[in-house]
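The domain 'Major facilitator superfamily (MFS) profile' annotation in TrEMBL covers 29-528. Taken from TrEMBL, the feature transmembrane segment applies to 24-47, 144-167, 173-191, 203-223, 229-249, 349-370, 382-401, 413-432, 438-463, 475-497, 503-523.
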Amino acid sequence: MKDMRNVDVDEILVALGSRGKYQMWMYFLSTLTYFSEAFHGLSIVFIGQQNPQKCAAPPDLPVNQTDDVFGKCSILSQNETNVTSCIYGYQYDHPPDMSIVSEFDLVCDQAALSDLSQTLLNLGMAVGSSTLTLASDKYGRKPVCVLSHLGCLATGIGAAFAPNYAVFMVMRFVNGIVQQGTVLTAVTYAIEIFPKEKRRYCGFYGLLMWSVCVMSIAPIAYLTRMYSWRIVYLALTSASLYSLIQYWITDESIRWLVANNRFEETVRLVKKAARMNGVNVNEPLKLIYQKELLPIDSEKPTDKLLAVTLDTGEDEKNQKKALEAGVVETQVVHVEKYTLLDIFKSRRLAITLFIIWFMWFTNSLTYYGIFLTSSSLAGNIYLNFFLNALVEVPSAFIYWFTIDSIGRKKTAMLFHGIAAFGLIGATILRMYDDNDAASISATVFSLIGKLGISGSFNVIFIYTPEVFPTNIRNISFGTASTAARIGGMLAPFSSLLAANLPWAPGAIFGACCLIVTITILYLPETMGKELPQTMEDLNKLYDKKQGHA
């Protein structure tokens, strides 16, 4: 096995063209998986709509029987002395199959079950983010992403044809697991394909793509609103059909291949990228051969090595000849493998991980808490949903102009500070919502908070993988996402809390964002730094941080 541990992957990517056709095409293909996560994750807003109901009357009810005795959840006898449950079922204002709530009668004493499927989805996400990301670090980004995406398609179809609510919940739970194997692996790949100078493209285009994905849900749901919820869900699940061709049009991460000493595959992809980008393939190959595959006899000139290893159209044959001739040294290399426990061996790195976890928990709790409650406001549900997605677009442009100018830390602090300001301001104004001016102002402040938390989510998606070494990057990313899923599972309870204490959710969200703003100061700055390959590289980030302190 060739030793590629010291290969500078960023130099290879720069030699290929930092923002070449290959990188941009592979990045675009990876972001297409965002549609699956957005559509599956937020579809519940439309397939789980409330359908006003009352107790159904018996089939032989006399014509002169008044409807007033049939309440939402009980039947009051004519003499008003006896109250019974809806023994004849329910009568809904709209066709029962418009929503899972009415089709499965998730009302009255079963109403608590209506949110259980979303809770199980988030629980599945927590499981997937801490398991499939580990598999991605071990077996590669591509196989885990493709197989997980196929799982999204299968479970989406299974949920759409679920004969009962129990099956629907099981499908949603499994869907949550494979969602994380799809999107987290895709995000990691998207970050790894660019050198440090171009990583902001990941965040900018990624947030715009995510906004487009979320905004797309509203028109699809609107156009299928006259059909069963099953048709709506199938329409949204169709985004996962991309998984059927994904294997043949996407590649493995070059950075992962280098970190795992996959020499032949690295060379093959470098050649492919060079052809697509229209650059001289010898330039990136020199960075691999000259630096790492040194001749056995150090006195021999390196051009002898290059003469047989550079691209001549018969590379593989020449490489074998070089090995047989002793021109290239073959050595057994021990690839450094880490586990999450290695991070806890260092107090400094452990604190970093805890801060990252709290950041993700706060962002998910706040983002989904705002989103799910705002979509239930009075007015057109489709327009409300669309506007709440649209407000995320300005945060992408703020991100673009700050992430590489003031750095990751300061950008994260800026967005969390904006979120805290908006949410705490909205909370204060809601205490005086007895006039229209205060209500309008509270709405504006809430949108400011939504803008801030949307931008901060984008920053931590880029920032988190940059502070962990390659062979533990995805599992660290996965545990952070698990923390986010815990926040996501708690988010639906914000509406219940708001019913009793209207100021409480905003106060909790704002306080958490404020704490994150302060704790980020402890973390290292990664702007302009190569992604750490080893634990030693990670320690150097802190050493540089202390050196600038």
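First residue shown is number 1, and so on along the chain.
Cβ coordinates are placed from backbone N, Cα and C, and glycine is handled just like the others.
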Cβ contacts the transmembrane segment (144-167)/the transmembrane segment (229-249), at least three under 8 Å, sequence gap 6 or more: yes
What residues in the same chain, six or more past the boundaries of the transmembrane segment (173-191), come closer than 8 Å to it by Cβ-Cβ distance? 26-27, 30-31, 33-34, 36-37, 40-41, 120-129, 131-133, 135-136, 141-142, 144-145, 147-149, 151-152, 155-156, 159, 199, 202, 206, 253, 461-462, 465-466, 473-474, 477-478, 481, 485, 531
Cβ-Cβ under 8 Å with the transmembrane segment (413-432): same-chain residues at least 6 beyond its ends: 362, 366, 395, 398-399, 402, 406, 438-439, 441-443, 445-453, 455-456, 459, 502-503, 506-507, 509-511, 513-514, 516-517, 520-521
Compute the average pLDDT of the predicted model within the domain 'Major facilitator superfamily (MFS) profile' (29-528). 80
Are the transmembrane segment (203-223) and the transmembrane segment (382-401) close enough that 3 or more Cβ pairs fall under 8 Å, when only pairs 6 or more apart in sequence count? yes
For the transmembrane segment (203-223), I need the partner stretch with the highest count of C-beta pairs below 8 angstroms, choosing only from 349-370, 438-463, 475-497. 438-463
Outside the transmembrane segment (503-523), at least 6 residues beyond either end, the same-chain residues with a Cβ under 8 Å of its Cβ set are 351-352, 355-356, 358-359, 361-362, 365-366, 369-370, 373, 409, 412-413, 416-417, 419-424, 426-427, 430-431, 446, 449, 452-453, 456, 467, 494-495, 497
